[in-house]
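Feature annotations, reproduced from Swiss-Prot:
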BINDING   Cys195, His197, Cys285, Cys288  Zn(2+) 1 binding site
BINDING   Cys236, Cys239, Cys257, His262  Zn(2+) 2 binding site
BINDING   Cys249, Cys252, His266, His272  Zn(2+) 3 binding site
COMPBIAS  30-39  compositional bias 'Basic and acidic residues'
COMPBIAS  49-67  compositional bias 'Basic and acidic residues'
COMPBIAS  100-114  compositional bias 'Basic residues'
COMPBIAS  145-156  compositional bias 'Basic residues'
REGION    1-174  region 'Disordered'
Amino acid sequence: MAQVRETSLPSGSGVRWISGGGGGASPEEAVEKAGKMEEAAAGATKASSRREAEEMKLEPLQEREPAPEENLTWSSSGGDEKVLPSIPLRCHSSSSPVCPRRKPRPRPQPRARSRSQPGLSAPPPPPARPPPPPPPPPPPAPRPRAWRGSRRRSRPGSRPQTRRSCSGDLDGSGDPGGLGDWLLEVEFGQGPTGCSHVESFKVGKNWQKNLRLIYQRFVWSGTPETRKRKAKSCICHVCSTHMNRLHSCLSCVFFGCFTEKHIHKHAETKQHHLAVDLYHGVIYCFMCKDYVYDKDIEQIAKETKEKILRLLTSTSTDVSHQQFMTSGFEDKQSTCETKEQEPKLVKPKKKRRKKSVYTVGLRGLINLGNTCFMNCIVQALTHIPLLKDFFLSDKHKCIMTSPSLCLVCEMSSLFHAMYSGSRTPHIPYKLLHLIWIHAEHLAGYRQQDAHEFLIAILDVLHRHSKDDSGGQEANNPNCCNCIIDQIFTGGLQSDVTCQACHSVSTTIDPCWDISLDLPGSCATFDSQNPERADSTVSRDDHIPGIPSLTDCLQWFTRPEHLGSSAKIKCNSCQSYQESTKQLTMKKLPIVACFHLKRFEHVGKQRRKINTFISFPLELDMTPFLASTKESRMKEGQPPTDCVPNENKYSLFAVINHHGTLESGHYTSFIRQQKDQWFSCDDAIITKATIEDLLYSEGYLLFYHKQGLEKD
């Protein structure tokens with residue numbers, strides 16, 4: 001009789017499975033048949049359990065008889081029944097290989113249950129002996145945990161000695177995480193050998209020595225000398241900071257920020273793939289984009305750290321720290337300072353730090369390449385009170401189609417930057433760029449003249465400030481009310497007197513500065529002594545005493561005989577006659593700039609005049625006015641337009657030139673407050689004394705009217 005199997009189907013499907021190959025039967029026959037089926041099923045179960053228990057003891061393994069085939073029929077709700085082909089029962093036979101690590105589990109046989117028809121009560125099945133309990137299955141083998149990559153440094157022993165490969169998929173099996181490779185490594189001791197870039201680095205020469213030096217000097221710095229060296233040297237070569245996770249390149253001398261990606265840019269540019277973290281000593285691979293572990297590198301770091309700790313705890317101080325740093329770890333007896341001396345490093349020093357000389361508006365300027373001539377002029381301009389008030393109050397109205405090319409707008413930004421309160425030096429690259437655009441003769445990184453730059457920047461500012469004059473220049477071209485003309489423009493009167501009829505021809509020209517000849521120049525010394533025209537003129541030439549600024553002004557305003565070779569046509573006598581010329585100041589500017597002419601050309605030779613010129617802190621310009629000259633001609637009467645103290649000036653800036661014509665440097669002295677002077681050398685600003693100021697050589701002198709000054 002065929003074995004009965006029951007397969008559960010979804011409810012409501014209308015299909016039921018019946019074992020055997022017959023059709024319908026009477027109820028009595030069905031009950032009798034069900035009882036026999038129960039007895040057969042119980043016997044088959046008992047025999048099967050006994051046979052499987054015997055098979056487990058057999059050596060070698062024997063084959064199990066195949067299970068009998070059965071024909072299954074299905075019947076639908078319509079009463080049609082069809083016979084399905086017999087399907088062998090799938091089970092683990094003895095012919096299939098069994099895993100040698102575990103014993104085969106006994107497969108329980110399906111129990112036959114009687115399916116009674118509705119309305120019939122089946123008799124209870126006869127009692128059967130319970131089958132013996134199957135042996136307990138062995139516990140499942142522990143499944144190895146997949147290793148998750150970590151950005152921390154691996155410790156020896158806590159993880160496999162070799163990490164996953166850089167690419168992650170060794171055999172191209174589609175396992176980018178490298179889990180299969182790692183399982184091979186754990187089970188059979190195979191798998192990846194670590195970062196290939198580290199292996200390539202280890203092929204090079206002296207890599208161990210260089211790595212030890214990096215760990216010794218910049219990572220495990222335990223002595224005061226190494227800490228000082230690390231504080232001075234370990235700064236980013238791009239942003240000059242040491243707070244953004246510094247890394248050191250293992251292929252060259254370069255420190256870069258990891259947070260700001262400066263070390264990444266270096267690695268990409270130089271193709272240097274490895275760097276060491278200077279705080280933890282771990283190695284980062286830029287190709288793998290992860291921290292990598294290497295047994296040899298880890299051993300070097302461990303030995304270096306233990307060496308330094310052993311030297312720190314040693315009590316011997318016979319060997320100096322310098323020997324330790326240069327020994328290369330070959331001298332095992334080298335020691336350094338004891339740990340007991342370290343608390344002395346944190347004790348306050350007896351000497352106090354110098355008080356900062358910082359004041360608002362006093363800010364250094366970066367030299368962009370032979371731009372010291374520009375920096376000193378900018379320092380002088382930014383300390384003019386009226387000019388400062390104009391730019392800080394944003395009174396400029398730009399009418400240019402491209403405001404980025406307006407020099408007045410850039411000067412406004414420069415004033416705001418100088419008076420922003422920042423102590424870091426300012427970089428005036430935009431100002432330099434605009435000067436190159438609007439004054440092409442100053443373009444380039446050649447050495448330039450500070451006086452020439454002053455005239456150029458005033459001219460460009462004047463042209464870009466025409467709209468600020470309120471339209472007065474459109475009505476009168478000779479009258480401009482821009483901020484540059486209000487501050488710097490003065491009136492220079494030239495009187496030419498005919499020697500025949502004594503008629504005077506007067507001309508008044510605007511001027512932004514006054515250029516003064518010096519004793520020792522070609523304009524002042526005797527032309528009959530050509531041997532005096534050497535490359536350098538001493539301070540004692542021509543004048544027995546020390547010449548002063550007042551002497552130069554008197555020479556500038558003296559009557560000058562033009563001679564027979566420079567005859568001019570007189571408007572009165574209508575003939576060419578010899579004449580005399582005298583220059584005086586018709587109008588005094590608010591800021592008077594005096595240019596001492598220290599550079600001159602003698603034929604094909606250029607030279608610098610080093611004659612010392614003394615200059616006062618306060619200057620009275622009354623003797624050099626045109627009204628003073630007229631009053632002298634009227635028998636000593638006081639000037640008609642002279643007001644007491646109106647013509648007095650105070651010195652507030654001095655620009656000096658150091659060196660020769662071919663190679664020189666410009667610096668400046670700036671008065672920040674009354675009697676407080678500072679020396680400005682590009683980005684370096686130091687406090688200066690009045691003696692330092694007055695004993696300087698002087699090239700450009702800036703004076704401000706006392707009545708309009710603001711201390």
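Glycine residues also receive a Cβ, built from the backbone N, Cα and C atoms like all the rest.
Remember, it's a predicted structure, so these values are computed and weren't measured experimentally.
All features noted in Swiss-Prot, drawn onto the structure.
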residue: Cys195; record: Zn(2+) 1 binding site; DSSP class: coil
residue: Cys239; record: Zn(2+) 2 binding site; DSSP class: coil
residue: Cys249; record: Zn(2+) 3 binding site; DSSP class: strand
residue: Cys257; record: Zn(2+) 2 binding site; DSSP class: strand
residue: His262; record: Zn(2+) 2 binding site; DSSP class: helix
residue: Cys285; record: Zn(2+) 1 binding site; DSSP class: strand
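When the Cα atoms are compared, Cys236 (Zn(2+) 2 binding site) and His266 (Zn(2+) 3 binding site) turn out to be 11 Å apart. Taking CA atoms as the reference points, Cys285 (Zn(2+) 1 binding site) and His272 (Zn(2+) 3 binding site) are 9 Å apart. Taking a C-beta cut-off of under 8 angstroms and a sequence separation of 6 or more, Cys252 (Zn(2+) 3 binding site) has the following same-chain neighbours: Lys270, His272.
Calculated from their C-alpha atoms, the gap between His262 (Zn(2+) 2 binding site) and His197 (Zn(2+) 1 binding site) amounts to 20 Å.
Classification of His272 (Zn(2+) 3 binding site) by DSSP places it in coil, neither helical nor stranded. Using a 10 Å Cβ-Cβ cutoff, His262 (Zn(2+) 2 binding site) registers 21 neighbours. When other Cβ atoms within 10 Å of the Cβ of Cys249 (Zn(2+) 3 binding site) are tallied across all protein chains shown, the result is 21. For the pair His197 (Zn(2+) 1 binding site) and His266 (Zn(2+) 3 binding site), the C-alpha distance works out to 16 angstrom. Using CA atoms as reference points, the binding-site residues Cys195, Cys249, Cys288 were checked against Cys257 (Zn(2+) 2 binding site), and the closest is Cys249.
Between the CA atoms of Cys288 (Zn(2+) 1 binding site) and Cys239 (Zn(2+) 2 binding site) there is a gap of 26 Å, rounded to the nearest whole number. In this structure the C-alpha atoms belonging to His266 (Zn(2+) 3 binding site) and Cys239 (Zn(2+) 2 binding site) are separated by 13 Å. For the Zn(2+) 2 site, the Cβ centre of Cys236, Cys239, Cys257, His262 serves as reference, and the other residues of the chain with Cβ at most 8 Å from it are His237, Val238, Ser240, Thr241, Asn244, Leu246, Phe255, Gly256, Glu260, Ile263. Ranking the binding-site residues Cys195, Cys239, Cys257, Cys285, Cys288 by how many Cβ atoms sit within 10 Å of each one's Cβ puts Cys195 at the top. In the structure shown, across all protein chains, His266 is the one of the binding-site residues His266, His272 with the greatest number of other Cβ atoms within 10 Å.
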